[in-house]
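Taken from TrEMBL, the feature active site, nucleophile applies to Cys248. Among the features that TrEMBL reports, active site is placed at His333, Glu335. Residues or ranges marked as L-glutamine binding site in TrEMBL: Ser47, Gly221, Gly223, Leu249, Gln252, Asn290, Gly292, Tyr293. As annotated by TrEMBL, domain 'Carbamoyl-phosphate synthase small subunit N-terminal' applies to 3-133. The region 'CPSase' annotation in TrEMBL covers 1-172.
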Amino acid sequence: MLNKRYLVLEDGTVYKGYALGSDELLMGEIVFNTSMTGYQETISDPSYTGQIITFTYPLIGNYGINRDDFESLRPTLNGIVVREACLNPSNFRSSKSLDEMMKFYKIPGISGVDTRSLTRKIRKHGVLKAGFTDDEQEITTLVENLKTLPELKNEVSQVSSVRPYISTGDGYKIVLIDYGKKENIVRELNRRGCDVTVVPYQTSLEEILNISPDGIMVSNGPGNPESVQDTIKTIQSIVGKIPFFGICLGHQLFALSQGATSFKMKFGHRGANHPVQNLVTGRVDLTSQNHGYAIDEASIKHTDLEITHIALNDRSIEGLKHKTYPAFSVQYHPEASPGPHDSNYLFDEFIEMIKSYKAKEQTINA
Ligand SMILES: NC(=O)CC[C@H](N)C(=O)O
């Protein structure tokens, strides 16, 4: 027998369903994700720290949870909402059900929710605060608590690496500044032979330069990009000195470091089917996305940045590059995981950028 549970929104809307995962109930900003596969990678993406995900795909958990597909050591989101949770998964790689994994990591959730109506509500209203309760009598108090729940602030400190570590390779030396990175960024760099040093997000410029990197990457991560202001200066000093590539939060921080500004979107982009156009080649990629903030187009005019990619759904900025320095960034996820690999080529372009920067440096020094 499944126990009943309620999903409550700050505007007083209540969805009745069944308890899923942990009984230690949490609150958070509720966002929707439109991916049709890859729930394990999505759930373990540190950029969702403190948020509650509702999946628009109606059946979640059917191939279970396996040892290898986590994008971080442990999921750090505050809840999962599904239409139907499969409790008896079938896959040779599966070692746990979704429900067991959620109990293990203390992630609460609910199944049996009309996720279609919930998603339409979020699209109309914008993201909302939400929480769970198993007791009908507590709904009114929960609504009050949700109204005063603070905005996400500095979740990066919860998910960035505590100390540096190396994922070895025999190619270019890359420093990956970790704001809550997805593992596949490291894997993609390693696949191209790179020797990757992952460093905590507050690592100083001096410490980074001591590693003598050939290239710098700034990762994805949770929360508002403006909440990590103190680290933007480091990024500012790197741009122009060492080839630079930023992903998602890394893209936002790159833009902020050059004088642009960011804003919170109404309901963001989260899913594996977001069309993005490369304005240089005209090519359209289907991309994996997870962001609630974006860079303000008007603010780009006062910078040395150029818009390279736009979202075809709402024409928001999806990619930037510096007009003179070897530095670029994308708002979406070329590392996919989950999602299409269309924009994987950006890692190759980063390697090429390092190669030509080195060749230029050698000519100057000769
Ligand atoms: N995936 C990310 O890096 C997300 C960046 C930022 N936290 C946002 O929501 O916009």
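Keep in mind that glycine also has a Cβ here, set from the backbone N, Cα and C atoms.
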Other CB atoms, at most 10 A from the CB of Tyr293 (L-glutamine binding site):
18
Could you name the residues, excluding Ser47, Gly221, Gly223, Leu249, Gln252, Asn290, Gly292, Tyr293, of the same chain that surround the L-glutamine site, i.e. Cβ within 8 Å of the Cβ centre of those residues, in sequence order?
Asn220, Pro222, Asn224, Pro225, Cys248, His291
What is the total of other Cβ atoms whose distance to the Cβ of Cys248 (active site, nucleophile) is within 10 Å?
30
Closest to Tyr293 (L-glutamine binding site): which of the active-site residues Cys248, His333, Glu335, going by Cα position?
Cys248
Can you tell me whether DSSP puts Cys248 (active site, nucleophile) in helix, strand or coil?
coil
Calculate the distance in Å between the alpha carbons (Cα) of Gln252 (L-glutamine binding site) and His333 (active site), and round it to a whole number.
13
By CA-CA distance, flag whichever of Ser47, Gly221, Cys248, Leu249, Gly292 among the recorded positions is nearest to His333 (active site).
Cys248
